[in-house]
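Enquirer: Below are the features listed in TrEMBL for this protein:
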| type | residues | note |
| --- | --- | --- |
| ACT_SITE | Ser60 | active site, acyl-ester intermediate |
| ACT_SITE | Lys63 | active site, proton acceptor |
| ACT_SITE | Ser115 | active site |
| DOMAIN | 26-257 | domain 'Peptidase S11 D-alanyl-D-alanine carboxypeptidase A N-terminal' |
| DOMAIN | 277-362 | domain 'Peptidase S11 D-Ala-D-Ala carboxypeptidase A C-terminal' |
| TRANSMEM | 386-403 | transmembrane segment |
Amino acid sequence: MRKIVTFIIIFTITLGIFSEIAFAQNSVNNISADGVILMDYTTGEIIYSKNIDTPYPPASTTKTMTALLTLEKCKLDDEVVVGKKPPFVDGSKIYLYEGEKLTVKDLLYALLLQSANDAAEALAEHISGSTDEFVKLMNSRAKELGALNTNFVNPHGLYDENHRTTARDLALILRELSKHPEYKEIATTNMYYIKPTNKSDKERPIWNKNRLVQKNSKNYYEGCEGGKTGYTVQSKHSYVAVASKNGQKLIAVLLHDSKYTYWTDVKVLFDYGFNNFTLNHLYLKGDLVGNYSVKSGVEIPLLAAEDFYYIKEKKSTSIPKVDIENKDLSKTSFQRGDNILNGNVMLDGKKIGVIKLASGEKYSAMNFIPTLSKNSDGKQSSIGKTFLYIFSFAAFSVVLLRIRKLRLRKNFKNRH
């Protein structure tokens, strides 16, 4: 009887766990946006995807790239003088005046909190001299980040049939933007005031449109570190956001959604990621990953050249393995710490990443003998010691043979 009861309890718990996971999966699959991605910030691994490489008009989520370039190219206290064009841009704005002087910080708050198109154009002209030149910079930076299906034609996101990006590309841009601590500080501020300027004698209040960071909102999401909304009639609704929980950070993107449901949809995405997946570290920099055998028989220790993290389902018990590339290095000289090989990290038969492998020894291709290096604890390595003994013995033998030969020659001369 007890065995039956125990079995029923275990079965019920197991069924509950898998039902919860299935429910979460179904909830994510019900998201109506055409392009959807949930990406792990640390590893770049994709947890959930839907049409992630299909280009869509991104509306004001474009401003994540404008903000990124601003933080990369400017200081927050830099002065910006507004040109002729920004005051006449369409859409959302804070009503800048030609010749008005503001700081980069003021314009960034207007850009990210109130989605001001005139602030976007003012920053673009300040950085590149014109919006056309700034757009070139936007597209160039996108390619550097791996956003290969993106083509920007303006710095704010007003609809243009050639203005396109993808869920994957936007996630890569937001991931890079989130590396700047200033972004989180700005993006999580509920309200900001732009002080009177040389053209305006009144303060301008700037409200944050991102409800996920507003604690008094029903859409508040604890751990949200920023986000950007977007909408035009042709572009439909779009939204990007980043959130952290228990040391794990996730990036969510929703593109081209006919429904105004991104507040709840993005929370479903974040909950799905945090509840079902964990961030794990496989190796820390300097950890021994394996050994490489040179053709001469020398064993070279291979060390992790960087920290390596990976995402795994919480229910999974699998452990990643590293497949070290097969490459002949016997004729290559390298220093201790040089990156010499790569390892493909495999989990359940799937490649989840590549780890760079550094040599734990100096190695000279001239004589196929590793030079004498020390371990991390300052002691001579065992490999170095072994070859020191071999080399010393060989050198001593050569000297003895040379002496013997000289003596034989001398004796021969004395006899004759």
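Note that Cβ sites are derived from N, Cα and C of the backbone, with glycine treated the same way.
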Enquirer: For the residue listed as 'active site, proton acceptor' and the residue listed as 'active site', determine the Cα separation and express it in whole Å.
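Expert: The residue listed as 'active site, proton acceptor' and the residue listed as 'active site' have their Cα atoms 8 Å apart.
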Enquirer: Of all the active-site residues given, Ser60, Ser115, which residue's CB has the most CB neighbours within 10 A?
Expert: Ser60
Enquirer: Could you tell me the C-alpha distance between the residue listed as 'active site, acyl-ester intermediate' and the residue listed as 'active site' in angstrom, no decimals?
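Expert: With the alpha carbons as reference points, the distance is 7 Å.
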Enquirer: What count of other C-beta atoms do you get within 10 angstroms of the C-beta of Lys63 (active site, proton acceptor), across all chains shown?
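Expert: By my count, 27.
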